Amino acid sequence: MNFGRGPSVVLNVGGTRYSFSREVLKDFPLRRVSRLHGCLSEQDVLEVCDDYDRERNEYFFDRHSEAFGFIMLYVRYGHLRFVPHMCELSFYNEMIYWGLEGSHLDYCCQRRLDDRMSETCTYYAAEEPNGGPEGKGRRPPGAEGGKWLERMRRTFEEPTSSVAAQVLATVSILFVIVSMVVLCASTLPEWRAPENRSMEEQSRYTAESVREPSGIIEAICIGWFTAECIVRFIVSKNKCEFVRRPLNIIDLLAITPYYISVLMTVFTGENSQLQRAGVTLRVLRMMRIFWVIKLARHFIGLQTLGLTLKRCYREMVMLLVFICVAMAIFSALSQLLENGLDLGTKNKDYASIPAACWWVIISMTTVGYGDMCPITVPGRILGGICVVSGIVLLALPITFIYHSFVQCYHELKFRSARYSRSLSAEFLN
């Protein structure tokens, strides 16, 4: 600690005092307490605690003393449980204040917290701007215009915020479904152009394809998605942040190929490079499959999956490292046992280590296509070890990912429930 005097410090939490040495605070499990170690002035200290007594070197926190006592039991013994006869949400609020999360609770208390938060539809991750009592009566200049933009933004960003938002989300989902049906139908043999067309027929077919019913439907869907994206960009608060959002990038990837294919059709015409352009057009049109990901804007399940992958990228990287290390070991050993040693029979499927990697990955993931398999006894023993190792390695990070998935699901569900309450108020009015 770079502030205060004396070999020890005193924490006064709701009237209960705790004495610690300075070195203990440096690596204290509670983030708010450990922040005191880096304070350089009294102003820095008051940003962490509520009051400070210079003479006693005492830091005062106006928080629940009994709740902090249970949190200190977690610091000492590693187990965190709810205070008896105390609201779970109030204790959770104390945990957040001191720098703990729901995952630090014991499993039984985690289930109690999840059930209570689901019942009360409380969302802790975000706070409403100007939502306090002090902000209700104030209307700064331009408040009406800002309120209108905020309502428009919620209409396009939050499907449960109002009746208009639900109607807009329903229409957008219908357009996505129709576009996917047209995309799937366009791959049927009856819809595809024969491969033996002449160059002139291919040119005429490519130019006239947009006038067919499927082309008209595709153009209408693209027009809707483009208009929706433009309006959402106009009403967004931060344009740079809007462009960096993953869902908006996906929207751009889904819309852009259509306009590129139209431009290529217009400029290519009967050029000698039409065949190459035709392949490019088919690739661009197939990129419309990204429209399916647009459903994540309207379904909590897909949003939960994306948020979980974002928060658990370390666990995902760890899983990939496990698989890569095991794949390198087992592929080298399998190539040696099946093809490298002179055992009388050589398995041509394992002629190289890269070829053996394919067998290792399908064995570790327990897929087992059967297209290649070991034929020697040592190779089969190694295959059994490879399968068992794959099951164990894939199961190790699952617990961390599961807890993160549950937490992300509740956060998104609570936010949706918060906007649903405003929708109910709109119906009542």
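Here the Cβ of each residue, glycine as well, is placed from N, Cα and C on the backbone.
According to TrEMBL, the protein carries these features:
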- 7-116: domain 'BTB' (DOMAIN)
- 163-188: transmembrane segment (TRANSMEM)
- 215-235: transmembrane segment (TRANSMEM)
- 247-269: transmembrane segment (TRANSMEM)
- 289-309: transmembrane segment (TRANSMEM)
- 316-337: transmembrane segment (TRANSMEM)
- 349-369: transmembrane segment (TRANSMEM)
- 381-405: transmembrane segment (TRANSMEM)
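The DSSP breakdown of the domain 'BTB' (7-116) into helical (H, G, I), extended (E, B) and coil residues amounts to 55 helix, 19 strand, 36 coil. As a quick check, the transmembrane segment (316-337) and the transmembrane segment (163-188) miss the bar of 3 or more Cβ pairs under 8 A, pairs 6 or more apart, so the two do not touch. Beyond its flanks by at least six residues, the transmembrane segment (381-405) meets 103, 304-305, 308, 311-312, 315-316, 318-319, 322-323, 326, 330, 333-334, 337, 360, 363-366, 373-374 of its own chain at Cβ-Cβ distances under 8 Å.
Remote same-chain partners of the transmembrane segment (289-309), defined as residues 6 or more beyond its termini with a Cβ less than 8 Å from a stretch Cβ, comprise 159, 169, 172-173, 176, 179-180, 183, 221, 225, 246-247, 250-251, 253-254, 316, 401, 404-405, 408-409, 411-413, 416.
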